[in-house]
């Protein structure tokens, strides 16, 4: 009798994705972040669902409903802080996952890579709208500043902003629609994840060497199920440590002040995971130019398969490209730091130089270094 997991229509899909999936035998811990992102998405959907049961999306009661969750709901405080810090974990895993894709040349699977970029945009949109919901000072002013950027679009900009606001300023209509979108987007993300995996399983996983590994594959279960479980335990431990010991470490104290349209906070800044993009936005004096640079800071990832000039896929054996990759990482950390600083000397010039270097590295230096490495290897 054939095993049910190989014959049943539904079990067969699960079996081919998680059990009998042929997997390269040498993939390292950097390949753990895909499953960790799945775990983060699951945590966010479950905690978010319970928060939505108690939250009210009205400007008069939103702030107090979040306070009510923390004070009066059974274990509401842990649900709220797991959701808030879960977002930070989500982005840590996202950045590491994308970084791994760049380092090991996984972007050559262009369909998987492009769906991944769509996912990144969707998660960023979800996180932005989620940050508006507690209706604190930074929620309100963050929403005002970021939605206002759309007014830079020629001709339709102003109408577009008012259409998104549902009025002449960020108000009740804006909060209600942001809550609706924040609720639905994670499910759209989950569907996109399925498409992401569908395309990945068409080709199979890449591996650290970047060489086709068809000759040396092992089943996903038990080898990588065990490995992923270890990753889950480490991620949950880190998340719980953050939630239980320092839940407000990554938040902004201004968000504990209810939203007040008449009082602007001294420094409007987004959550830490958007600071690099915010620094790029601020480094260009022109409004439309800044908005374009902001979008391109993520969209530039789509150009990676086109800019790949090396004869090797992975950076594992390419020291010049490795050096440039780590300079890019340092540059992104610099941008993250600059995004949290006030707009004054010397931060302005540092931000402009770091923004220029970010695009210059990806568009010019990395493709040239690959060509040099080809020459050195007489290819």
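The backbone N, Cα and C atoms fix where each Cβ goes, glycine too.
In Swiss-Prot this protein carries:
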TRANSMEM  33-53  transmembrane segment
TRANSMEM  77-98  transmembrane segment
BINDING   83, 182  heme b b562 binding site
BINDING   97, 196  heme b b566 binding site
TRANSMEM  113-133  transmembrane segment
TRANSMEM  178-198  transmembrane segment
BINDING   201  ubiquinone binding site
TRANSMEM  226-246  transmembrane segment
TRANSMEM  288-308  transmembrane segment
TRANSMEM  320-340  transmembrane segment
TRANSMEM  347-367  transmembrane segment
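Positions of Swiss-Prot features highlighted on the structure.
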residue : record                   : DSSP (3 states)
83      : heme b b562 binding site : helix
97      : heme b b566 binding site : helix
182     : heme b b562 binding site : helix
196     : heme b b566 binding site : helix
201     : ubiquinone binding site  : helix
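Closest to the residue listed as 'ubiquinone binding site' by Cα-Cα distance, out of the binding-site residues 83, 97, 182, is 97. There are 14 other Cβ atoms within 10 Å of the Cβ belonging to residue 201 (ubiquinone binding site). In this structure, the CA atom of residue 97 (heme b b566 binding site) is 23 Å away from the CA atom of residue 182 (heme b b562 binding site). For residue 83 (heme b b562 binding site), other Cβ atoms within 10 Å of its Cβ number 21.
By the Cβ criterion (distance under 8 Å, sequence gap of 6 or more), the transmembrane segment (33-53) is not counted as touching the transmembrane segment (113-133), fewer than 3 such pairs being found. Relative to the transmembrane segment (77-98), the listed stretch 226-246 leads the set 113-133, 178-198, 226-246, 288-308 in CB pairs under 8 A. In this structure the alpha carbons, written CA, of residue 196 (heme b b566 binding site) and residue 182 (heme b b562 binding site) are 21 Å apart. Within 10 Å of the C-beta of residue 182 (heme b b562 binding site) there are 21 other C-beta atoms, taking all protein chains into account. Neighbour count (other Cβ atoms within 10 Å of the Cβ, all protein chains): 20 for residue 97 (heme b b566 binding site). Sequence-distant contacts of the transmembrane segment (178-198), counting only residues of its own chain at least 6 positions beyond either end whose CB sits under 8 Å from a CB of the stretch, comprise 17, 38, 41, 44-45, 48, 52, 55, 57, 112, 115-116, 118-119, 122-123, 125-126, 129-130, 132-133, 143.
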